[in-house]
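Here is the structure we will look at.
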Amino acid sequence: GEECDCGSPANPCCDAATCKLRPGAQCADGLCCDQCRFIKKGTICRRARGDNPDDRCTGQSADCPRNHFHA
């Protein structure tokens, strides 16, 4: 299966021919991906809205998880 979006050969993290991450790359895109690496745990990737807390990167994924408010 695809590891990354192989639509653009300009993406330095993704091999456009194979749709696989290039050697050494952890990710190709996402709010918690920077220069082919996961952003460190605790970095804010989405600011708080209303009563919800800031969403923070996990350090293990390129996706920005949604933190849910618990009353």
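The backbone N, Cα and C atoms fix where each Cβ goes, and this holds for glycine too.
The following features are taken from Swiss-Prot:
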DOMAIN    1-71  domain 'Disintegrin'
DISULFID  CYS4-CYS19  disulfide bond
DISULFID  CYS6-CYS14  disulfide bond
DISULFID  CYS13-CYS36  disulfide bond
DISULFID  CYS27-CYS33  disulfide bond
DISULFID  CYS32-CYS57  disulfide bond
DISULFID  CYS45-CYS64  disulfide bond
Inset, instruction - Would you mind giving the whole-number mean pLDDT across the domain 'Disintegrin' (1-71)? - result: 90
Inset, instruction - To the nearest whole angstrom, state the Cα distance for the pair CYS13 (disulfide bond) and CYS57 (disulfide bond). - result: 19
Legend entry - Winner by Cβ contact number (other Cβ atoms within 10 Å) across the disulfide-bonded residues CYS32, CYS45: CYS32
Legend entry - Other CB atoms, at most 10 A from the CB of CYS27 (disulfide bond): 21
Inset, instruction - Select the closest residue to CYS19 (disulfide bond) from the following disulfide-bonded residues, measuring between CA atoms: CYS6, CYS32, CYS36, CYS57. - result: CYS6
Inset, instruction - Count the other Cβ atoms sitting within 10 Å of the Cβ of CYS4 (disulfide bond), across every protein chain shown. - result: 22
